[in-house]
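Per TrEMBL, these features apply:
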{"type": "ACT_SITE", "residues": "B:THR192", "note": "active site, nucleophile"}
{"type": "BINDING", "residues": "B:THR155, B:LYS181, B:THR192, B:GLU279, B:ASN402, B:SER407", "note": "substrate binding site"}
There are 2 protein chains.
Amino acid sequence: MDLERSPLACPFPDLPPISGATLRVARARYKEWDRCDLTFAELAEGTAVAGVFTRSACASSEVEIGRAQVPGRARALVVNAGNSNAFTGHRGREAVDGIVAQVADALGCAAEAVFVSSTGVIGVPLPLDNARAGIAAALEAAPCGWEEAAETIGTTDTFAKGAGASAMIGETRVELAGIVKGSGMIAPDMATMLGYIFTDAAVEPAFLQEMLAKANGESFSCITVDGDTSTSDTVLAFATGAARHAPLAGWDSPGADAFYAALRSVCLDLAQLVVRDGEGARKFIEIAVFGAQSDDSARRIAMSVANSPLVKTAIAGEDANWGRVVMAVGKAGEPADRDRLSIGFGGTWAAREGQPLTNYDEAPVADHLRGQNIRIDVDLGIGEGSATVWTCDLTHGYIDINADYRS
Amino acid sequence: MDLERSPLACPFPDLPPISGATLRVARARYKEWDRCDLTFAELAEGTAVAGVFTRSACASSEVEIGRAQVPGRARALVVNAGNSNAFTGHRGREAVDGIVAQVADALGCAAEAVFVSSTGVIGVPLPLDNARAGIAAALEAAPCGWEEAAETIGTTDTFAKGAGASAMIGETRVELAGIVKGSGMIAPDMATMLGYIFTDAAVEPAFLQEMLAKANGESFSCITVDGDTSTSDTVLAFATGAARHAPLAGWDSPGADAFYAALRSVCLDLAQLVVRDGEGARKFIEIAVFGAQSDDSARRIAMSVANSPLVKTAIAGEDANWGRVVMAVGKAGEPADRDRLSIGFGGTWAAREGQPLTNYDEAPVADHLRGQNIRIDVDLGIGEGSATVWTCDLTHGYIDINADYRS
């Protein structure tokens, strides 16, 4: 099916090359389509790798293997688009093993240094012959840029998604560049289907893992499109070390805070881009919860609001239906006091301390809701905990895409 | 808005009068509409009452008051349709107190014997003057039948919902009749927005409460439309005792099992009717999970499947997308083994023990999915736990209703 470009799409940013990381794309023809669908990243020797993965109990072989390889060292990444290879039993596992063997042989590296991700249809074993031909073609292809790679890892994505940042580590400037694909099955706990962040910084694998896990908790784990969680969700970070500064080994390493801030910024930008391409999304929604008993409690309440079909359809209908927000707060199973709860839209309170405002002027709220960027504030009024999450509205487009597309 | 009658609607059944319970309806004009919107049930002295309520932390005053009154004795029930009176602070509480005082005065009974429910818009205090006029009119109205009462408690319901059963207690035949309204905000833990069951059996209040809670766990708590939970969900059971047998006081009372079976049957019928009127529903979906680690685990997995937008849109699209069922099992957070999992539709396995069937014939599955009543089987293959839940598909109709209607 032909998907219309999301009205919330952002232009692809200018991202610098990352020394030590080379990207190539090729046609593996996983589907009957005329596009590149295999992405190959070659990484300099000694590249540190960290990863966070779906919590699904039915994860794909790619995820199971990847979980065991991080934190560690990486030489290559292969991303297959069009076939997730999930729920394919031993044949799926054999396909991944075949890809890893081919790449390790070509680069002369250990199998543990090769990472594989796959996204697309579940339940059809990845055709190894296609993968082999695609990898062979990629190995001979000219290097490509970030945008081409971002397009190649996509499936139902309607625009290519990338983000970058830089940081000073002592006198050395390091660069970060990331790409992501998303759109469906975007849910709490690890939201991006597939995201890859590359940097020329030098970072010890264990510390890179610690920073990625922390950044994930403030970015990918704070977005949701439909509450569904893919069996393949993966975010990997690769640090090639080409910038040749003293490696970051812990929070007391000089420059660690600056690097973390840059990493977090890339993760947050990528996460929000995924929401902006949520299936059928017409509005980007930020939900800020504060005054909760704890930050965790605030996050669970925010996610309850973000995943509520009734809230999401109200926003689609540009209806300041704060009653549905109350409902979603109430069902979260977290401490709340109906008579202290306040709800606002776009900075205007609609209800304060459990009651509609008597002098409530709906005009600025109605204006706000006609826009593309919606803000919902929820003040629980019982504590100091806070959290912000991001989601999109629920529209006819979501039904169109998911009732017709076999993902 | 004019809602089309659900294609899954069932005709209203023939239900006998229940001795000791008299129903009347009236116009309180809670909205600008030309219909009865206040239902008044008068109950014989000594009527036992039990109730189960929403677990929402932001429940309405009606629910807060009702929770404190069960198990107990009841003389009257007032149901307001068109205004839920939820999230209306002290003014909402005053409206309920006003209704209770008027009814207690008219019947010469204790305030604790008067039950009130309200459903409709959240955040607008129930106009007490309308309620008072409606109650006065109801007190003078002729008694009505079950179907008229079922219509009067409805809001976005597209058909009146009722169910009945009978049981022998010794030589005495007792009757049960129930009505329910639902449609939106139907979710786990207590699904029906408003349900009322009446019987002429004699039951001690504490035992009626025990039986209702148990029946609820096997019926209303096993349905979901959209995973959202109303702030007003209420199911009340009234036993007038007019059948004059020895009161049921516990499971060892003669006839207790027969009565429970009848009560459970009414609850299950009513619960499934709510799903059949799910907003935008075109298909009724039964999800049976077995081979799970425990019954509770099976129920959580079944609910994860039932609430998955990707599964619900696949069924809407008549797509045997068992991969999405795998995804929903995986995200449930319950014990599962990808390589032992089997998924079937309408009695035909699509995948067994973690892999697509090699000789899978999609034809009978495609036939099944074109029907209105869909069955999904999930065999975890790791234990003895089982559960069955019911839901409906997710269609454009859901978006239409919820993006346009302020509930």
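Every residue number used here counts from 1 along the chain in the order it is shown.
Note: Cβ is positioned from N, Cα and C throughout, glycine not excepted.
Sequence features, as recorded in TrEMBL, placed on the structure.
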| residue | record | CB count, 10 Å |
| --- | --- | --- |
| B:THR155 | substrate binding site | 23 |
| B:LYS181 | substrate binding site | 28 |
| B:GLU279 | substrate binding site | 30 |
| B:ASN402 | substrate binding site | 29 |
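Contact with chain A, taken as any Cβ pair under 8 Å, is found for the binding-site residues B:ASN402 out of B:THR155, B:LYS181, B:GLU279, B:ASN402. A strand conformation is recorded for B:LYS181 (substrate binding site) in the three-state DSSP classification.
The secondary structure of B:GLU279 (substrate binding site), as reduced to three states from DSSP, is coil rather than helix or strand.
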